[in-house]
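Q: As listed in TrEMBL for this protein:
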type: COMPBIAS; residues: 15-31; note: compositional bias 'Basic and acidic residues'
type: COMPBIAS; residues: 292-310; note: compositional bias 'Basic and acidic residues'
type: COMPBIAS; residues: 311-321; note: compositional bias 'Acidic residues'
type: DOMAIN; residues: 362-448; note: domain 'PI-PLC Y-box'
type: DOMAIN; residues: 450-578; note: domain 'C2'
type: REGION; residues: 1-33; note: region 'Disordered'
type: REGION; residues: 292-322; note: region 'Disordered'
Amino acid sequence: MKKSKKSQKGVTSNDKNKGMGKEKEREKKSSSLESGSYNYKMFSFFNRKFKINEVEPPSDVNKAFSLFTDDGSTHMTAEQLRRFMSVHQCEVSTRLEDAQNIIEQVVNRRHHITKFARHTLNVEDFFHFLLSDDLNGPIRTQVHHDMSAPLSHYFIYTGHNSYLTGNQLSSDCSEVPIIKALQNGVRVIELDLWPSKDEILVLHGRTLTTPVSFIQCLTSIKEYAFVSSPYPVIITLEDHLTPELQAKAADMITQTFETMLYYPESDLTEFPSPESLKYRIMISTKPPKEYLEVRSKDASEDESSPKDDSDASESDQEDEDFKSLQAGVSGYKRLITIHAGKPKGSLKTALKEVTDQVRRLSLSEHQLEKLAGSHGLDIVRFTQRNILRVYPKGTRFTSSNYKPTIGWMHGAQMVAFNMQGYGKSLWLMHGMFRANGGCGYVIKPDILTRSADELFDPKATLLPVQKTLKVKIYMGDGWRLDFKHTHFDAYSPPDFYTKIFIVGVPADEAKKKTKIIEDDWCPVWDEEFSFPLTVPELALLRIEVREYDISEKDDFGGQTCLPVPELRTGFRSVPLHDKKGVKHKNVRLLMRFEFV
């Protein structure tokens, strides 16, 4: 139980009921909401009563309501709401029918009145509408990016070691985290394949992780691949198989996915588009050509050597086995759409090398940071045609993650993350892929795909401000519905404050903080902040609510992260999520966004 964090202002009264038989009844009463107040018990002797403040519309909301209604009217018509949406909220495509539908939903929710009974909103209804994130959310919920560009022109929601349920060393391997990732919109699933006699297992090699079967993972991918998005799923394979098992893997893949599987007839010179690959699954791994080349060379050498009759039949059988194996491995190679592999020379040479075929290159977060310092422009240029995958360094045993923005700044399409944990880095990943309707593909800004003479330099520091984001945070609500009244403090209502961050290129990064509102489940901050942005296309707005505690670490009250290019201006309801990214049922903030 938490200690009291400051001198309290609540009303105290002596608890005269000391009978042991009434103890449970008093505890039940002290934890209930009665007559618009909360009771908090102190030291088993005192009850402290705190009145719940009524949630009232901020003055800016009242002014907007008056501005868009005629002659001080107490009700807003559908046409007036349409005009408010078009002018104030900058939703110019709003139709009269859309406004009528909003009114019907709000009136039904608040008053349980049929849609034919009332066709206007009073100011409280209007305020309720503004606080409803399903009707007035901060970003668009539909796919609206151009989906006809090559895959290399998109950031792609990418998982790392997608089969792990926990840490990298001893956790279980399972299809469950794969299913969860796909349900959350992840489009790139990574599987590590290892041999076990005649079986193919998925596990983190040379660790104590318990395996899951390859076929179980494939079956789960097939079933859940498109539950959250119709756009293509890419399976990246870390292949440690023998040639015999590679042939077996090819059979498993083709039999499981059937017509869902996409692979080209020849090596790609340009990646196809997400739109052309809807409801398709692709394989990306290193082609097994080295083994075949060595075996072919050995075979040709054997043919030039003299043989006696006793070796002839055995040699013929070996030739037949090799041809069969070669056909199986060739079938495996044929299924690989996105060819991966380590460069033959240095990484610096690989970035500058120009080839007809497009490919995928993988770098650890440490390798990327090192290369970015001296070859940032080469990385950006490479990612205009090819795919770059960035993965966590090997010492992240707890499945933590790195800051993803350095990868996105350099055009890396696959910034691979451990999705099974939580933390600020993962919140940023969630924020980026809330864009474009959460479909798992976010088109890169023009600065990363335009011609070489206009190429974006991630190291540039003296960039001009392109626009300024103004963020006003009015209030928050919903904690009293989603949490027990003693969750944040045993003796009084919570003391909430909000931290607001801009995350993006170094020149744009910033942090602001509201004042602390004491003893209030519905804090009203009414504060505005400005953020000048030099590269708004790559900026994220991260919001975190904390509950102040003078004697302990401040409690967590919710968080969200939003892509700045996707923000809808005007008053917006911003729902908050827990530490793992799960949306709270009722907790949200009323905010206003404006670009100047």
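Keep in mind that glycine also has a Cβ here, set from the backbone N, Cα and C atoms.
In TrEMBL, annotation is done automatically, which means it is predicted and not curated.
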Q: Just to be sure I understand, if DSSP states are collapsed into helix, strand and coil, how many residues of the domain 'PI-PLC Y-box' (362-448) fall in each?
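A: For the domain 'PI-PLC Y-box' (362-448), the helix, strand and coil counts are 41 helix, 14 strand, 32 coil.
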Q: Please list the DSSP helix, strand and coil residue counts for the domain 'C2' (450-578).
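A: So the domain 'C2' (450-578) is made up of 16 helix, 60 strand, 53 coil.
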Q: Which whole number is the mean pLDDT over the domain 'C2' (450-578)?
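A: Mean per-residue confidence for the domain 'C2' (450-578): 95 out of 100.
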